[in-house]
Each structure stands twice: as structure tokens, then as C-alpha cells.
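Each remark here refers to the structure printed beneath this line.
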Amino acid sequence: MTGAPPYNPQSPTQQPRFPVYSPPNKNRSYYPNNDQYQQHPPQTPPAFAPQPSLSRSPHYSHAPSPLPATLPPLNGGAPPPGHHSEPSSQYQAHSSAGTPQFSLPRPYSASMMSSNGASPYNHSTSSHAHPSARLESLSQSPPKKETEPLYPIGGNGAPGYSSSMMREPRPASPPRETKHARAADPMSFASILSGPTEESSPKKQPSLPEALPAPATTITPPPPALAPVPARRRLTPPPVTHGLPPTSQLKVKEPEPISPAALPRLEKKPGAEKRRRNAEQEPKSAEALPVASANGAFEPTKAARVSNRKTLTERDAETINKIIAEIDNADKSDVESPGFEAEYDGYIVKSKKRALDAEKAEGIRRKRRRHDFLVKLGKTFEKQANAGVDRFRAANEASVIAEVQAKEIQDEKERKKDMQRKRRRENTVRLEMQKKLEAERKANKANDAAEKAKFLREAERAQRKIKSTKRALEGVTSPEEIGEVTPLAPNLEGGTTSSFHIGRSSPSRRKSGRSGTSRPKKSKEQKQAEKDAAEAAYAAMENDEPLPLAPKEDPRKETLKKEAKGARSKEPTPSPVSTFESKGYNQIYEQIWRDIARKDIPKVYRIKTLSLSTRQENLRKTAQLASKQSRKWQERTNKSMKDTQARAKRTMREMMSFWKRNEREERDLRRLAEKQEIESAKKAEAEREANRQKRKLNFLISQTELYSHFIGRKIKGAGADSSGDTAVDGSDETIQPGKADHTIDLPPSVADVGTKVTNFEDLDFDAEDETALRQAAMANAQNAVKEAQERARAFNAEENPMAALDEGELNFQNPTSLGDIEISQPKMLTAKLKEYQLKGLNWLVNLYEQGINGILADEMGLGKTIQSISVMAYLAEVHNIWGPFLVIAPASTLHNWQQEITKFVPDIKVLPYWGSAKDRKVLRKFWDRKHITYTKESEFHVLVTSYQLVVLDSQYFQKVKWQYMILDEAQAIKSSQSSRWKNLLGFHCRNRLLLTGTPIQNNMQELWALLHFIMPTLFDSHDEFSEWFSKDIESHAQSNTKLNEDQLRRLHMILKPFMLRRVKKHVQQELGDKVEKDVFCDLTYRQRAYYANLRNRVSIMDLIEKAAVGDEADSTTLMNLVMQFRKVCNHPDLFERAETKSPFSVGYFAETASFVREGQNVDVRYSTRNLIEYSLPRLLCSSSGRVDMAGPGNEQAGFRGKYLQHLMNIFTPENIKRSIDEDGGFSFLRFADTSINEAYEQSHLGVFERAVRRRGQSNRLSRLNVIYDDEEDEQTSKSVLPHSLFNIVQRNDRQAVRNVTVEGYMRDLMNVSEVTFEREGLDVIEPSASPAASAPPITISCSGQVALRETQDSFFNVSVRHALFSTPSRQMEQQILEKKLDPAPFSLPPMLPKPISTKGRYTHIEVPSMRRFVTDSGKLAKLDELLRELKAGGHRVLLYFQMTRMIDLMEEYLTYRNYKYCRLDGSTKLEDRRDTVADFQQRPEIFVFLLSTRAGGLGINLTAADTVIFYDSDWNPTIDSQAMDRAHRLGQTRQVTVYRLITRGTIEERIRKRALQKEEVQRVVISGGAAGGVDFNTRNRESRTKDIAMWLADDEQAELIEQKEKEALDRGEVFGAGKGGKKAAQKRKKDLTLDDMYHEGEGNFDDISAKPSGAATPVSTADNFGTPSSTPVPKRGRGRGTGKGSSKRAKTTTERLRLIDGDGGLES
């Protein structure tokens, strides 16, 4: 925002309604009321126009701005003077240019504008100024003070800047006329009665009429400065005063009297608003005022002429003068009160807003400038830092490299020495061990005690040697143990001998014998000097330089000689060897010499020989070098000089390669060392963190145990003792309903209540002392109990009627502790609770009283719903708490909840909250507000809704105070990061209850999400706790490790206060058993081909490596591969359906639009036409062109019909009868069994009609065609009527021999080929050949409607079609159905001959065989056998699938087998689910119920079925467990058998193995059992993607991969991570799990608008599997073949499937 005014120069709001002066020029428009624009800090405006909407109303002027109007000094100018008292004295001129961009000169220079009285800026008027000439009696505003202009004026009168909020500029207003005082005064009578000023053309300036001269005014300049007006005064309009103030210097002359003749004629006046508008819009002339030019001079302005007005009559003038006098004498109104205070306040608000916007914009620009400056400064510093680094590197790099190289060389030498020393010591240990064993063996065999003691001493000596050597190997420098030192003999004469130190070993005899060596020891410096000299000599030999031999008189030799002499002189004289005559000494002596002769002498000999050969080889090399050096001067030729450059280059290349290789090796070694250091540091840190986590875990578990101790113990039934339930015995205290004073107080804590620790960082978990941790845990537990009680009290305290009720019946202010509570079943509950359900009710009631939330985790089918309903009934019946209760359940169970509550507790009203947004809005009208008490007469008590709707309408649910919130299937909130979990956690409810049959589904984190939800104060921020559970328990299930029993016990102690779980087999004895069976199936030939082709197209090793890198695209590809393999296992038709085959049809086919508008029955016309058509003229097809059809143009046809068919027709009945009577031509009819009427009718029928009539007549002489020799000949002959023997027609009916008879052996003998064809079943097999093409018959084409109608009547003749195909018409079928008639009498055999092939019928269209459809899948073939057995046994089946596409295929199979079924999946509507389940439960004829595991596995009761079949198992075993418990639940009296179809040797076996591991996790955590019976030696949890890749491999490949991974681990590498490159550094996005891909659209069973899953979309593999499997797949990346590789853009489902199926890259 720039501080320029928001209005354009021509805005009418910038002008007063009654101007005081006229502008001096068209291009310079000054406005007397512009001081309000000075409130914004002036800045350079942008060059664009403002919005047109910023224009103000033209009818009202606005109050001046109270804000200061000063400009900041430019270029160090002086600050502006203080604000003056009259705000209207400061003006701001606007430029008339479009986008003025002028520089700002110094604003306070006096040379820019003159301050004389002629300047228009020196006119002083108020915000509602009046003309300068007026009556004395009128009120007037205070005079203006002359002020200096604040803005410089440009050459055209515009200021030096323009507003960024201006509109498009327009020409300035023309100069205005100066009228008479009465004409200019809006309140004067003349102004009221005068007509509107006539408008002139834009170019001509109007002038005053001559009869009205302009009044002369004298303006006296005011004093130059006045005191500034306070801000409070400037904020209000100036006060109204009557008369002129005493300080006014303005002198106004009285107007001259106006003659009556000069007055205008009285005419009809317009309205006040119109007059005011006209007065504002009309140009007015004024006196010639000076106009400032470009150089500051002033030019007078000429007054323009105006047209003369009409004069009034004398009578009119007298009337006007009289009225004027009355008006002048009347009381004047307060003209200074404009009545626009609201506009003024609005303007003030807008001005402040503009100032704030300007400040905000300036702040943004200031931040941007500061940011740019800091960026530039940072770049400068960075450049200087880099330069300094380069200078330092250039100065010190060489020395550092040399130092590092020298250090590395020295370290390598020391390492080699250490290794040699280590090997020698290990060899010594091994030899001494052998000696020790040998000595012990001899000692055991020795009979003499002395000899045995000798051997034992040798063994002891060897043992000491071994210990000392091992100590040296381990680098231990501690002194020998006291037991290893030989004890000193006591000195009886005076203590012990003190000349030997106990901590020092005795000197060796062998060493003392060698003490007299002639060779002196060399110091380390001497050895290094000799090495340096040797290296220098070798370097000189290599460079062909003379050896730097020491001179003969070298002082070093003299020094060495002196040192040797001094050493010899210092050697002590050896003492004479004393001889010993003992036998042991002699044996040791002889043994020493034998060892020397056998070992040391050959060793020394070898050393000497090797030294001699080395010396000779060195001398030989030296001689060769010397001879070469001596011959060099002879071999120097021109050729050798030319080769110098080549040799130098080769040498340089070799040196470069050597140093590169050397640097690479050094770098690798350095990296390896750094890696080892980092790993060791990580290991140490991991150990420290493990100890810390252990203490933190101990703290958290202790805290929860204390909480459990404080709130009491959970109720436990007698039948649950054997189930391993975590419940313990309760206390003896019970709740006594009706006694308000009965309370049970908790014991006081020994810890300080005020020491609650909410931040774990404040606790020192590294300290060894755990006293502080125990105290903090106890304090936190007690605070948690206290907070739960206070929260319950606070909730009850807000309900005033409820509090009064509590005082009479039950005191909720002092909740009791948890114990054995004997609560009877509520009377309003119509059902009878079982024993364990009643105990569950007791537990839930006590949780409610304590204000504690809980998890009811009974196994599915034990009645969690009825227990929850009984709690609500108990609260309503005993404590008169009628709600509101909130029940949230999956969408598929909403109707079940509504029905159960209405059925079991009719007194409780249920509000079903679901439907569209409009319906839910209507339902919310029934909600009571939060402060209204719910009673029995309330609109509703329980609201039932779904998880999805709760999230959508969470803002409405959060406004209601819920007494009890029940979450059914609580695993829906297992993720603490989901919006569903967060929204539900924010609901205002007294208690929460979670119902779930599977508290643990995939990992322990989901259990902790539920614990967080029910107790957020106790289980807050326990990430380490959750990680501990996931790491220890799941690794226990995977690696078969031993879980700490104490930790498991304490885990169960944590779950005890919050979770109650019972198992069916312990609490429900009458419930039938559940038997699970795994049915293994084999792959068929087609499935094996698909499976092998898929596996050959992918490399398992590449998948493992990509999985190790962690690329998101590769992980998605891997998941897609798993899906394709599972499709192959289910059915190969999921990839490619068998196609319907037919010959190529050559013809035209009609096209139609969508069939959606057609309704149920679609009338398909015969529209197929041949490409060849025979065109006929319209004349031939019409009646006029037909000879036999009568018409207006065909008289011959009428003649024929009249004479040939009637008058001259011989087949008339009269003629036939006369002929028969006279034995004429028709006398044969008596031998043809034909009457006269039949002969007449047949004469008028065609061939087809006569054939149809003969179809129903039986041949009574057919038995005469065959000779029978059995006993029935007599009966047969009797069946033939005597008069039929003379029937000449039937007797002479000649026909083929094969058609003589239709039954018996004769028929078989006459039709051998046909009978054989039928008996062999050749007519029911698929035809092996079919024609390549077919075409409809050639038709006649005519453009007339008559021909088309006849063609349609012929083709679609109902009677003809019925006779040929024996298909009744639609009307006949409808009548048969309506009247419920037997269709047999109305259906005759067709007249068409029987087709040769029953499969092909009369066409050559081949439909895929359903038998082959069944046998193509191993699973489906096994299922077919299983269903046949189950159907015969009277069982009913629940059939679960993972893919909705497979359900579609299964529907075709069940239709083929004529099994009645019903279907429920994710696409089934909510209202249809209830009806489908009810049909299956009530109709026993329905054999199979097809369900998807996710949609049909929750909340529905299907106890009518006793068999569950999983066609393909889910990834999560809990989902399958929930699905099978749809049948195995309360109400099931039969044994439930569960069949699981698993394809042997495929990915499904490994998926099942993984599911067993998850089940083991649940069993360990919930029941506390130990792992066993299942092999959990699988891969680690961190490599989940690698595990999935391992599923695709067979056993041999898996073994090979594990072996390679083990080898890589031994080398210290990560298997498959070497080829990762930069991909390893990429962060993974949100994982697209296999569950999401499989159950897309159907997994969310509470989603009403779920669509069928698209994961099982069939993929065309006609081209995929035709490619040879050995074709290598081109790899992606640079330098890896010609394959482009797929891009990293987001791919569609089709592209991903193509990429998986091997269609190559996705080249466009």
C-alpha cells in the first residue's frame, strides 16, 4: 500500500457539494476537502489503476481525516512541521495521467508554489463549506488557517506521485461558475425555487447571466501558523457556530439587490436530491483565478458565457420576494450537522485499514531486502571460507599426506610384528598343552612316587607356561597370581628371605645360560638408521647412482667398536658350573642336549643356509647391475634417445595407475576402519540405550502395576481359571445399591502426590539407583487414579438433576474400588444372561463407577453386544441414567445393533443415525442439548452410527456430552495416527468401552493404540514401551527365542485393569467345536505354465537387491508381482478368459445406443444383412407390379381371383361332393381318409401350412412297416383299424430305409453310423473344425415400405418360428405363467431336424466349456468335489474370497452346478446387506453364501451355516478368524468345520506360514503361552519387502539366497545394497500395502459408497506368455543394455500391470 489517495481525480466525493472556488484550469482540479488523504506514508506507487469498486457516492462529501498528513523527509531533508488545526487546509492533487511515474522533489521547498492569497490552496473552508458570499445570519464554520502546501506540484499541477488505487484517469472537471450567494447556497430560497442550470456543450464554458453579477469577495490572509489541534478534536466534525467568530478575517460584501425583472420565471421544481445532484454536476463559472503554469507563474482564467434566462413577471417576482423574506426571517436549521457520521466512521476505519496494509506491505518488502542482503553476505562468507580452505589445503596437504602415509606404513609394520608374535605364542601354547597332557598321562601310568612327582612338576611347569603365554596373548600385564608363585621356605633364624619379590617370576635357567652373548643389543634409533641406510642404498641402485658407502675412517665404526668393547668388559665372568650327581638332573641335562640336537641345530642350519642363499642372490644382482652400469656408455645410441619419451610416458602411466590403486586400497582400508569404529560405537551406544530402555520399561510397568493395585482387581469366573485368564481373586467388599454413604476408599500412597512426572526427560534412567524411579511411578499411578475419579465427579457434577438423583440412590462422588460385585440382571432386559455374561456386566458396571475405560475382548461370538446393552439397561433401571449413549460400529452391523437393542431392551429408544447429509440434518434435530437431562420420555437414549459418519459429523458429536461411548469392532481405531482415532479421542464422554474380539491383529503397537485411547493420562508418549513389545515379543515369535517370564507376567499385569477376555471353549460348553483343515491343491497344467512364465520373467536376486535399496517404485512392482502370483493360484481366467469363437461374419450389423433407456425387455430387430444385396425397383415390390395382387392398376389380378379361384374353381365343396356321388375324379378321397372340407382347405394352403397340419397327425399304419416276431403280434395287428388298411396314401408313403422306424433294433440296424455317433458321445463334444467365414443370405433391397414390411413379416412370423423351433411367443409364455399351466401341451417338437452336434447346435459359435472352466484351476476342482460332498451331507457353506473378480467367476460356477447362493461384498448397499443375511438365515434352500473376507467378516450372524471355506486366505489371520466366527458363535449347535484351500508349492504356503507367526504373537500376549510347535525361523522384521520377495522364490532359491546373504554378512556388507547408488538415500513415501491393493473399495466395510475392487482386473496375457521365457528382461539405468527403463512418474494401474506382466517398457 503506497499512501496515495484511493480515489481518482474526478471522483465526485472529492468535491464539496457547494464549491467555494472554481478550478483555474481543466488540467488542474483542486479539491478543497482532500486533507483526509494525508494519513498514509507517501511512497512511490505502482503503475496500475485502482479497482473501480473503490469509487464513492457522488452525493455526499466526507469528513476530513484526523490522521497526520506528513511526508517523510527525502534525501535527508528536514522533518515536516506539526499538523495544523484545520485538517482541510492540506490538499493532495491527483495526476490526470494514466500511470504517472514522477520523481519526488524535496517536499518543503517554498519555490514550488506561491503562498499568496490567489492560490487555490489558500481558500479556507470546512468539510461542508458554504459559499464565500452569504448572509450574516447564517451559521458559518471557523475560518481556515493558511498553511504551506505539503506536496510539490508538477508541471501540470499534479503531485510528484500517484495512487496505486486510482481508477483509469479521466479529464478533469471543467471550471465552475461562481453563482449568486442565494443561488449557490443550497438552503436559500432562490436556490430552492430556481430551475436546473442548463448544460452547455463540453467545449463551451458557461457564464453567468448578465442580470446576476458575481459578488465580490475580499479575502484577508490568515496568520501563517496556529497551534495544532488535538487528536480528539480532529476526530469529530468542527462545531457549529452562529455568526462569524471574532478572529475571522474574511469580509463578505452584501449582495446587490436583484430587480424583479432579472428574476427567473417560476417553473416546476425537481426534487431536492435531483436539484442537489444537478447543482453538483453542473459546471459553474467563477472569477478569473490565477492558474499555476509549469514555471510557477500564474495565468488568469477567462470566464465563459452562459445563455440568458427567461425573466419573470412582476407578480411572480413579488411572490418570490415575499416567500424569500419569510424564509429569511424563519429559524435556521443547523446546517453544519451533515448527518453523515456513519460514513465518516466508515471512512476512518478504511483509512486505518489502508495504513495497516501499507505497513504490512512495507514490512514484507523490508524482510525481502533483509533476506537478500543476508543471502549475499552468506555467499560472500562462503566464498571466502572456500578460498581459505583451498589455501590451507594447498599449504598443508603435502605434509599431511606424507605424515599419514608414514603413519600407515609404521602401523602396518607393527601389525605384522604383532601377528608374528601372536602366531609364535599360539604355537607355544599348543606345544605346552601337548607336553602337559603327555606329562599327566605318564604320571598316571607311573608307579614310582618320585617319578610321578617329576611328571606332575613337568605338567605344572607346562601349565604355568601356558598361563603366562595366554596372558601375553590377551595383552594382560597384571602380576601373576599368588598361587602361581613358588612359596618361600620359612627362615627359622629370622623371618623370610626378602631378596626375592613375590610379584616377579624366578629367572629362567636357560636365559641365564645365554647371558654371555657377544653381540650387543641395538637401540631402536640404531635399527631405524640401519633400515634407512639400506633403503637409501636400494634406491641408489634402482636409480643407477653410486652407493653412498661409508668411508674407511667413519666415526660410526669407531663408536660401534667402542660400544662392543664396553659391553664385553661389562659382562660378568661366568661362574664355574657345579655338577650334580642326581638322576633327575642328568635326565634333564640329556633331554636339553637331545632337544638342541634334534630341533635347534637343524633350525639354525636352515637359517644360515637361507641367509647364505639370499646373500649370494643379492651379490649376483649387484654384479649384474654393476655390469649393466659399466656397459651403459656403450649402449647409448640414437634409438635409445628416441625411446626416452615413450618410456617416460609409460613410466608415468604405470606410476599413476600404481598410486591410484594404492590410494584406492588405502581409502578402502580407511573406510573399513572407520566403519568398524562406527559399528563399535553404535554397539556401545546400543548397549547403553538398552540398559536405559530397560530401566524406563521397568518404570512404566511398575507405574501400571501400581495403578492396577490402586483400582482393584478384575472379576474372574470359575470357568475361566483354566483358560489362562489374567483375572485374580477379588476383594470381599461389594457395592450396596441404595446406600448413599457406602464408599470404599483407596489406600494412601507412600509417594508424594505432587511429584507427578509428565516429562520423561526429567527422570535419570542412566542412574543405577532406581529409588527415584519407583517413587515417580507410584506418584504417577496415584495421580492417574485420582484424575479418573475427578473426571467422573466433574462429569456428574455438571448434571444438576443427576447429582440430586445420585444422593438418593448411589453416590458417584466417591467411586468404589473394583471387587467381586454381585449385580443382578436388569429387569427390563428381556433376554437371560449367561453366567459369564453376568460377570462381564459386573466388571463393566464397576469400571463405569470408577470412571475408568476398558476393553471387552471376549472372543467373537460370546455376546459382547448383549453385555454392552445390559450395561445401558442397568444404568437406566438402577440409577435412572437414560443417556445419551453413543454406539459406533461398522456399517455392516448398524442394523444388527438397532435390532438387538429394540429386541432386548424395548424401553430404550434407538436413534439410527445414517443416510444422506440431508437425512442426518433432520435427525440432529432430535438431539438434546448438553445441559438437558435424559429421561425415559426423551426423544432417544442410544444413538447408533458408523465410524465414517462420526468423522464426517464430528463437529456435531463433540457438542454433546455422552454418558457412555461404545466402540464396536474397536480394531478400526488401531492406528493412533488416523484422523478417526483423533476425532473420537476428542469426544466429551464420561466413559469409553471398546469391544473387540481381536485386541492384537498385526503387532503390539495396535494394542497400545487401544490402551492410549482408553487411558490417555497413563499411556501417553510411551513410544519406547511400544517398541519394546514389538521387538521382544515378535522376535520371540519369529526366532523361537525364550521370552522373559517375568516380563510376560508383568505385561499381563498391565492388561489386567483394562481388559477382560474369555474364550469360547472355556465359558460356553454347549457351543460346538471348531475344526480347521488345510486342504492342499495342486497347480493344473495351465496354472503351472502361467506360474513358471511369471517367475522366469523376474529375477528373484534383482528383487532382493532392489528391496534392500528401498526404492518405492520397486516395492510397488514387487507387490504387484505378488498379486499376479496369487491370481494364478486362484484361477487362470483372472488373467485371460476363454473366448467365444465364431466364424468371421461377412455382413452389416446394426448399431444402437445405450440399452439403459429400454427397460426390462429389449426388442432386438433382425438387422443383419449380407454385403451382397439384390436391388429391385419399387414397382416390382408394390401391389401394382404383382400379377396375383389386385389393385387400382391391376384389373387382371381381380379377374383371376373372381373367375379362377371362385367361379371356375374345382375344389369347391359342392363340386367335390357332386364328383364323389357320381364316382368322378374326387372319389379317391375315401381312400385317402380326407373329408370334403379338408380337401377344400388344403387347396387354399401352401406347402408349409400343409406340413404343419400333418405334424400332429399320427400314422396308424406305421407298425406295418416293421415285421415283429414276438408274442405281441396279435395285439399289434388288433391296434390297426380295419378301414386304415385301404388308405392308399399312407400305404404308399415311400421314405428312406433309415427313417422306417424310430425305435427298436431295426432302427439301430438301419442307422448304424448315427447310433454309433450318439453312443460314443461324439455329438456332445466340442466340434474340432468350423468354417472360416459365414454370411447371412442374400436379401432383396427395395426402397419402399411395403417390401420392408413383407420381409419383416416373413422373417419374424410367429407361427412359423414356433413350428420350426418350438418356441412359444412372449404372450403365450406370459399366459402360461399367469395361469400356472403345464407348458408340455403347448410345446411340440420342432420341425427342424436334430442338429449333428448338441454343443454347436445349428450355428458354429463355440461357447467356452464350463467343465474346462472347473478343471483349469486346482482350487476350483477341489472345491467342486468338496461342495458335492457337503451338498449330499446337508451342510450349508460360507465361501470367503479376497478378490471380487473371483466372486464373479464363482457365480458362473454355481449357476452351472445349479446351486442356490447369495452374495455380499464391499459393493453391496447397506440396506441390501440386512436382507441378504436374513434370507440366508431363514431359507434353507440357499446352499452357498459368497462373501468377501473384509466386507462379510464383521458383525453379522450366519449361524445357519456349519461349514466355512476360505478360497484364499487373508494376509492378516485375525481377519480370517473373524470371518469364521460368523458361523462359530452363540446359537451354533453343530460342529463348525473350516476348510482352507492352499496351493501346494506356491506363494500361498509362505503366506500361511507368516499368518501362523502372527497367531503365535496373539497367543503369547493374550494367553501367556510359550512358543512351540511352529518353526518361526524366518527373516527379520526390518526387511518386510525382502520377506515378500522371498515368497516368490522356491525352496532351492530361498536356500541359495540365504547362503549368499550369510556370506555377505560375514564380509561386513549388506546383501543387495551394493548396487543401490543414490536410491538408498531416497525417503520412502507412504507404503502401498498388499491389503490396500487387494481390498481396494471393499476393505472398508463401513464405507457405504465402496466400489468393487479393481485389484483383480484381468490382464491380457496373449502376448505376454507367448514370449519365450529365456528372453532376458532389459535392465534399467545407464550402461545396462538398450532398454529405456520406466520413468519414475506416477503410473496408472494398467501400466503397472503391463510392466509386471512383461510387456517391456512403457515406451510411448
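Placed from the backbone N, Cα and C atoms, the Cβ positions cover glycine too.
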Check: For the record in Swiss-Prot, which of the ranges 350-372, 626-648 is the region 'Disordered' one?
Finding: 626-648
Notebook entry, point to check: Quick one: which of 544-547, 740-743, 968-971, 1336-1339 does Swiss-Prot have down as motif 'DEAQ box'?
Noted result: 968-971
Check: In Swiss-Prot, which of 718-750, 1246-1278 is tagged region 'Disordered'?
Finding: 718-750
Next item on the list: State the three-class DSSP label for Asp858 (ATP binding site), counting H, G and I as helix, E and B as strand, and everything else as coil.
Entry: coil
Notebook entry, point to check: Within 8 Å of the Cβ centroid of the ATP site residues Asp858, Glu859, Met860, Gly861, Leu862, Gly863, Lys864, Thr865, which other residues of the same chain have their Cβ?
Noted result: Gly997, Arg1529, Leu1530
Item checked: the compositional bias 'Basic and acidic residues' (426-463), counted residue by residue under DSSP: helix, strand, coil -> 35 helix, 0 strand, 3 coil
Notebook entry, point to check: Taking the Cβ of Asp858 (ATP binding site) as the centre, how many other Cβ atoms fall within a 10 Å radius?
Noted result: 21
Note to self: Limited to the coiled coil (395-478), I'd like the whole-number average of pLDDT.
What the structure shows: 88
Check: Over all shown protein chains, what is the count of other CB atoms within 10 A of the CB belonging to Glu859 (ATP binding site)?
Finding: 22
Notebook entry, point to check: Residues with Cβ closer than 8 Å to the Cβ of Met860 (ATP binding site), same chain and 6+ apart in sequence?
Noted result: Gly997, Thr998, Ser1521, Gln1522, Asp1525, Arg1529
Note to self: Based on DSSP, tally up the residues of the motif 'DEAQ box' (968-971) by helix, strand and coil.
What the structure shows: 2 helix, 1 strand, 1 coil
